[in-house]
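Enquirer: The structure under discussion is supplied below as structure tokens; questions concerning it will follow.
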Amino acid sequence: MPPANPKPNKWPKTLTSDHLHRLVRAERDPRRALELFDAATAEAASAPDPIAPSPATVSLLTSRLASAGHLPLATSLLSRSRGLFPSAAELEGPFLTLLRAFSRTHRPLAALHLFRSAPSDLALPHSARSYTAVLAALVAHSQLHLARSLLADMRAAGFAPTAATYNVLLKAHCSDAATPIEDALRIFRKIPKPDACSYNTIIDGLCRRGRLDEALELFSEMVGKCIAPTVVTYTTVIHWLAREGCFDDALKTFDEMGRRGISPNLVTYSSLIDGLCKGGRSTSALELLDRMIKEKLLPNTIAYSSVIDGLCKEHRLSEAMEVLDRMRLQGRKPDAGLFGKLIVGLCDAGRAVEAANYLDEMVLAGIEPNRLTWSLHSRINNAVLTALCTKGELGRAFQVYQSTRSRSISTEPTTFHLLVESFSKKNKLERAAHVVLDMLSERCIPERETWDVIISGYWGKKKVRQEAEEIWNQITVDLTT
């Protein structure tokens, strides 16, 4: 059987750097692409008119190797590529690509080490761009003390911070809750020509600290300076307006976004829908949901969950169930949280049997409790059991109880007592005793009221009472003789 990626015996005479770039890009496996690159450059080195791979090819291959986790191979490629170019400065593009790849793979310290060693290992001098790339990696992974030290080194080396550098510093100050936002504002005002990214960062930082009015002033300033707001800018403003209960302003900003030709994304819609639903504006949220579908932007589970939760809180349960059906028809799978909101809403409305039916659907869909959702499943099942007992649906309650036990979902003491009380009052003493035994097996000692209920139920049976009286009479006779 031939090898999966045979090495070509002979390259075409017309092989060029562009041709090599296309070959590397077409190969899906980055390791095989590296083998192809090495074979081509080795073959070309002995040719009378050798080709030199372009920086774009090295950058592409470096990025793909790094993204696939082959960081040593990517670093080695960069080191070896030094001799392929007339100037080491041409390696800055691939070098920046590798720095960013280390950041994407959560290795900011490795990025810092590579940066420090670049002058000696790659003969590549530091630049404002490489300083900024490493600063971004350190800030993104909360290495703020190292970022501040590197910034001091950058200034000592004679590199003035660029707009990109300032943006990184802004992000560092805005993302650190312990840093006063005034520090970020001072940095923002030092930027010679702030761009949309600068405004986005400071606006978000102000909003997160509850200073929405100042954020809106900067938003107006941004528009006044003819710096076009991006979808990120609008999404941030809309999210915080909705979160603060300024629903009309949020909707106006959303409409303004459309008039400026900026298409809202999934996050924009989800943020606004969630805020509207929490503020009792489910009708507006439903309109946005319909608008998403018309624009062929499929709502995610968060958007559907927000709408269903809002409708349930407004006691519009039939509409909530319709939204759930639409969600499933569009291929979205509801999770335990979404089912829970609808089930609890039905329980609160006294529609216990429907709630139990949705609980069955949830189980049949394979939504089982895990370490994170265990307490949620427990609350849902206990809510259904309580609602069924309250409505007198004891047969259905016992079915749900057995299902709950079979899935090792814990039953609350108050639910245990309600089950015992309900079964005892309906003279279903065997089931009541079954529940008591389950309580004892879980080391949940019944309260006195629970014992009173079941004992009273047994005592109410004529046969039990007669046998007890006969035993008592016999004891009395024995004691008197």
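Note: Cβ is positioned from N, Cα and C throughout, glycine not excepted.
What TrEMBL says about a protein is an automatic prediction, not a curated fact.
Copied straight from TrEMBL:
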- 127-161: repeat 'PPR' (REPEAT)
- 195-229: repeat 'PPR' (REPEAT)
- 230-264: repeat 'PPR' (REPEAT)
- 265-299: repeat 'PPR' (REPEAT)
- 300-334: repeat 'PPR' (REPEAT)
- 335-369: repeat 'PPR' (REPEAT)
- 412-446: repeat 'PPR' (REPEAT)
Enquirer: With Cβ-Cβ distances below 8 Å as the criterion, list the same-chain residues six or more beyond the ends of the repeat 'PPR' (230-264) that contact it, or say none.
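Expert: Same-chain contacts beyond the flanks: 196, 199-200, 203-204, 207, 212, 215-216, 219, 222, 271-272, 274-276, 279, 281, 284, 295.
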Enquirer: Where else in the chain does the repeat 'PPR' (195-229) make close Cβ contacts, counting only residues six or more beyond its ends and a cut-off under 8 Å?
Expert: 163, 166-167, 170-171, 173-175, 177, 181, 184-185, 188, 236-237, 239-241, 244, 246, 260, 262
Enquirer: Under DSSP, the repeat 'PPR' (127-161) has how many residues in helix, strand and coil?
Expert: 26 helix, 0 strand, 9 coil
Enquirer: Which whole number is the mean pLDDT over the repeat 'PPR' (230-264)?
Expert: 94
